[in-house]
Every structure is written in structure tokens, then in C-alpha cells.
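Listed features, source TrEMBL:
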type	residues	note
DOMAIN	16-424	domain 'Major facilitator superfamily (MFS) profile'
TRANSMEM	16-37	transmembrane segment
TRANSMEM	57-80	transmembrane segment
TRANSMEM	92-111	transmembrane segment
TRANSMEM	159-178	transmembrane segment
TRANSMEM	190-209	transmembrane segment
TRANSMEM	239-260	transmembrane segment
TRANSMEM	280-297	transmembrane segment
TRANSMEM	304-324	transmembrane segment
TRANSMEM	330-356	transmembrane segment
TRANSMEM	368-392	transmembrane segment
TRANSMEM	398-420	transmembrane segment
Amino acid sequence: MTPAPQDMDTRSRSRAVLAAILGNAFEWYDFGVFGFMTPVISSLFFPAEGLGQADAVLLTTALFGTGFITRPLGGIVLGLYGDRYGHQRAMVLGMSIMAGAMALMACAPPYRVGGALSLAMVIAARLLQGFSVGGEFATSTTALIELAPPGQRGFFGSWQITGQVMAQIMGAGLGYLVTSLFTHAQLYAYAWRIPFLFGLMILPLVFTLRHARHRPAPGGHAISTGETLAHLLGQRPQILVGMGLVVASTVSFYVIYAYVVTYAATVLHLPMVHSYQVQLVAAGAMMLVVPFSGYLSDRCDRRAIMLASLLAYAIMIVPLYIWLVAAPSIARLLVLQVALSVASGMFLGTYCTFLVDLVSPQARATALAIINNLVVLLVGGFAQFIVTWLIQATGLKIAPSFFVLGGIAMGLAALASLPASGNRPAGVR
């Protein structure tokens, strides 16, 4: 039997954690790079006569949302697989599917060359990406926290989000490089494929994980699908609370991060290349805050940290948007992004371990997959489409802030429904 986490030597634990973090980072990079490249993709795949830029962006954000349709299915399939055979094996399977999807996206010809086939290839790639990433959050989060030694569950759980922030840095960095190093003609001719080809770097990690020692399912033996479902049915209240928290994290991420380059370029008319620089700085700030929050949560009550973070976010977001829209500039966009990133980072650094501890070990991956993917499908998948439509329908450039504020309110309500637990010693809760 594989050693329990507390019995693992430091080297084995470090290798397992590093593989989980890097695999998670590339999964989310591969899924999210489509959002970063929306302004380019909208011109390449929706260039029909009479279609304005706003409509092309609207259609592209809808296409981005198709990747969320298969997320619940992928989450359930990979979650059940992970709970039964081990979360590391589930990660390998999901990463392999993601690599195939990135190859398909990188090879897709523009619409003027391939016509309907081009759109079919992009849609197929997005559906495969959705299936793959659907199980990524649940399997990698559960694996990381199960690897944590006593007293460090919060800190280890925070590295799930750190991996996602790494993905944002990679995405914004590649976006900045291709928009600054290549001319407009080169970017639209071939350079837009570079960020997608870079995503194939996930393949060496697949090879490494396939040849690593796999940890078994919780309890040391595979449990049946029926047993997993029985555990889930007994935890419906916890699942509802978890969904409220995922709503808060989802709307803030997909509107404030994935959509910001498109928003800056098409609504505020700011240079796209500088928007990528803003993303890099904001992601760097969050990358520092998230592990600190996780570390703090091993010594303080996690619920209190999350409540304070969401309240700060709710208080800041509308005034910051009003200030930005009043006189759009890269400097003001940077202030907005960094301020919200710090508040979001304090919430997210605690969030993963809190979610994992809501449900029993026997069904963690499946429960997290259901909680995360149903919410992301209903709220996050078309968040960019919704806020783009809201801006067009209302004429208000601050409309994204209202949408995000609604999601933050749901997260606050979910936390308020739980009893105050006070400060906890390290490793408890």
C-alpha cells in the first residue's frame, strides 16, 4: 500500500505536489488561452460580411462558452474515475485529452480557408477542453490536500489556485509576446497559433505522471460508483453551500480575468498589448497573496478570512469600475485589477481546502466536480457573453461590475448560512 501522506518522505511529496501544480497550470492555461485570444479569434473565425466587431466578439464569447457544456460530464466521469482508481490516474487521463484538444485548435484553418470545417474544428476542440478541465479542479485539488502533512492543509490547497494563476501569467505573457513581437499581419496569419502550440508542453507532464507511482483511492481500495453516489446524496446541504462559493469565485475570475483584455480593447479602446501587461502584474500580485492566505488559514478560521475577503471585493468593485470608465487608462485598469486580485486572492487561497472539507473523503473528487462544473456551466461558461450583451443592451460600460457583484453576494450568503466556528488550530477544519 502507498504510504499515507504523513509517512511520505519530503522528496516524494515534493515531486507529487510539483507534478500536480504544473499539470493543473497547463490544464487551465490550455482552457483559458482561448479567452485571452478572443479579439484575434473573432476576426479569424467570424469575418462574415456585414458582421461588426461587437457582434463578432459576442459570437466568439458564445463559442468560448461551448467549452463549459461538456465540463459537467467530464467532471463526473473523471471524478468517479479518480474516486475509484486514484486521483493521479484521473489527472493523467484528463491531461492527455487536453493535449489532443490543443493540437486540434492549433491546426484549425481560419474561416476564409476552411469555412464550416474551421468552425467545427474549433467547437470540437472547445468541447474536448471542457471535458478535460471538468475533472481537473476536483482531481488535482483533492490530490494536493491529501498529500498535505498535518497542519498544512490550507497551504497545500492554496497551490491549486496558484497553479491557475500561473496559467494566467503564461496566457497573458504569451499574449503579450505575440502581440508585441509580431506585426498585425503576422499575428493574424500564423502567430496566433503560438500560444496554442505552447499548450502542448503538457505532454511531458503526462509522460512523467504515467510513470510515477500512483496513490490509491481514499481508504486504500477502489469504491463502487453506487457507494460514491450514496455519500453524495447524504451531503446535499454541503453541496448547496459549495455551489454558492463557486458562484463567487467563478464570476470574479471569468469577468475580471478572462474577459478583461477583450473589455479593455473593445469597450475601453485601450491597446491590447498593454492590457496583457496589466494581466501579468495583477496575476503576479495574486500569486503572492494566495499562498499567504492558505498559510494563514491553517492558523485562523477559514470562514472568517473568506467573509472579509468577499466583503472587501463587494465594497470596491462598483466604485473602481466607475472610476475606470470615467477616464479609461492603462494605469487605472492596473489599479482595478491589482486591488480586486488581492481581495480575490485572499478568498481563493482558503477556498479550495474549505470546499474539500465540506464533503466526505469517499466522494470528494465527484462532489467537487459536480459543485464546480454545474455552477461554471450555468454561470461562468457564458459570463463573457452575458456581460458583453449587458453592455450593448444597457449602454453602461460598468455593467460587468453589477454581474460580478451579484455572484459575490451569493458567496456571502453561502458563508453566512454556516455557523461561526472561531479560530481553529492548524490542521483542523
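These residue numbers are counts, starting from 1, taken along the chain as shown.
Every residue, even glycine, has its Cβ placed from backbone N, Cα and C.
TrEMBL annotations: computationally assigned, not manually curated.
Just so it is clear, the model here is predicted, and its values are computed rather than measured.
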Considering the transmembrane segment (239-260), which listed stretch of 92-111, 190-209, 304-324, 368-392 counts the most C-beta pairs under 8 Å: 368-392
Closest-packing stretch to the transmembrane segment (159-178), where packing means Cβ pairs under 8 Å, from 16-37, 92-111, 190-209: 16-37
Outside the transmembrane segment (16-37), six or more residues from its ends: residues with CB under 8 Å to it: 8, 64, 67, 88, 91, 94-95, 98, 101-102, 105, 126, 129-130, 132-133, 136, 140, 143-144, 147, 156, 159-160, 162-164, 166-168, 170-172, 174-175, 192, 195-196, 199, 201-202, 205-206, 208-209, 212, 215, 254, 258-259, 261-262, 276, 279, 384
Interface-richest range of 190-209, 280-297, 304-324, 398-420 toward the transmembrane segment (368-392), CB pairs under 8 Å: 398-420
Two-stretch contact, the transmembrane segment (398-420) and the transmembrane segment (304-324), at least three Cβ pairs under 8 Å: yes
Tertiary contacts of the transmembrane segment (280-297), as residues 6+ beyond its ends and Cβ separation under 8 Å: 154-159, 161-162, 165-166, 168-169, 172-173, 176, 257, 305, 309, 334, 337-338, 340-342, 344-350, 353-354
